[in-house]
């Protein structure tokens, strides 16, 4: 019964406090990793939110959605439209993006959740591809097609003009009470939303509602036999995770006011699935960890080129060096997707529970060997 | 009337490709119980078999002819494909028919690729969840397409059909229309016939041979077949190889219609999965019927008359049909009960 003890409210509070400290001090402890610049940290926070939201659906209920990028895209477009019509204040943009993405998720979820298993995955994929194709073609007046939607100086921006901030020199940036939302302030803005999102996720995981979602994952049939209609619960989870995606999409536009349709493509949906399972689906911190690792390695690997490789492997003898560089060259720069695909496979093959479960297994093995083969603590807990 | 016939014809070649890929997907799913997201990559690998075969036989022998001069004053280089040099007229013939001939290369290559894939990866996923199967094969698909991208580059590589069938056929005259009303490229007709042939072959193989009978028995009740002392897993592995060949050949023959590039597999895979689901997971006739149905529907939706009424419909028709069918007929057109529902 260690599991229940570990889930006390106080334990959660401690964990959440630790998480807060870790996130807020990111600009400090990321320095040795060479990742302490705001653009990247904003990505950590934003994609962390996206994955945390996805995890509420996939991790808790087991419904594998392949179309979550659609909500990200809806959030982005809504945010940019809010910038265009209302003004560069990020708060209305975020509010509207969450609402609209939630509504959109409700419609798609209402239809898709009629089916389970792979049928559900295909339905969500179908809806996302429809949105993507429409955004590229017919909806061009709204989405500006391939060029992407951006804020122009000639846009109405009603609120900005009301407070007299209508005329801006140079490019337009989201501005919260006079602070421009790029660089470090932008990161902290995202980080605050990340903390809110994380807190909500903690609450959901520990609530009766969260237990119900886990029950759906472990045996939906049994729930149905006991007379419980599971669909409203699953739909709520779907809408909540859609709202997280909308929020993430809006934040992407807050830090860089540009929305493009490629954000909605199904490869983007695949990426968030990967983040979640890499960290550990169904765990609280896993998705954030996965998002951080993916975005970090994307950044590092895709920045490498032949010259940096030659520098790294310069100590090797000439012939060997050439071979090593040409092999390693496959995996970096343009070839980063190859690394991503391999990572995807390796994780699913060897560590289906994700990194968090891997860590727990190691910890379990250590404590077992210390106690000389005592009780097995390594049982994966869905709620962890 | 002629416009309608033309649209049906237009949809048939694409429908043929969907049907062939969906057929393989369904075979693999029905036998091994594995949802294979890397199946589109097999289609793409087939297409690149055609590309590499073409590049291989296109290797040229360069001889310098000192008696002739180019306008720039250098000796004229005469480039002759080696195969022409060796085989003469036969070589020219092979060069011209490189796409059909690459089938000879694609079959062994696809069998080997399929067997390696099944033994090396898929077999460890028989008893894992469908989500995990989807994820691991999705990763494999990314790896395969990135490898192709590093080797062949990111740009599409056009392939040409043989000279004799390069033009278009006046199909209309055959069925009593005036000349010039229903004109249709030969190669697309050939593709449709080819896909029909392959589909017929697969069905005949499953229905008429002992091997096929055992496989069908295994699909219905794998345990009982095992109790008869038949190594059903081995046969299923061969079925996987067969599905790989079908997807590969679909890719080879599709190259003159669509210049192959590294992401064509993914593009077709998503659609083919929709096709499989519409047809009914686990139903082979369903997969084939849905493939042609959606291909034809897609071509109707891209008519200008339809587009002017419902703008953008050509982009979403397949998904829209899938959504409607899944809501009205939850198991797809011909799906069986209890497949993939947990």
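Just so you know, glycine gets a Cβ as well, placed from its N, Cα and C.
Heads up, TrEMBL stuff is auto-annotated, nobody curated it.
Of all ranges given (A:212-231, A:272-291, A:292-311), TrEMBL attaches the label transmembrane segment to A:272-291. Between the listed ranges A:338-356, A:357-375, TrEMBL ties the annotation transmembrane segment to A:338-356. From the options A:91-111, A:154-174, the stretch TrEMBL describes as transmembrane segment is A:91-111. If you count C-beta pairs under 8 angstroms between the transmembrane segment (A:91-111) and each of A:44-71, A:118-139, A:186-205, A:232-252, A:338-356, the highest count goes to A:232-252. Only residues 6 or more beyond the boundaries of the transmembrane segment (A:232-252), in the same chain, are considered here, and those with a CB under 8 A from a CB of the stretch are 42, 45-47, 49-50, 52-58, 60-61, 63, 65, 68-69, 71-79, 90, 93-94, 97-102, 104-106, 108-110, 112-113, 189-190, 193, 197, 204, 209, 212-213, 216, 259, 263, 272. Distant neighbours of the transmembrane segment (A:118-139): 63-70, 73-74, 77, 108, 111-112, 145-146, 261, 264-266, 269; these residues of the same chain sit at least 6 beyond its ends, with a Cβ under 8 Å from one of its Cβ atoms.
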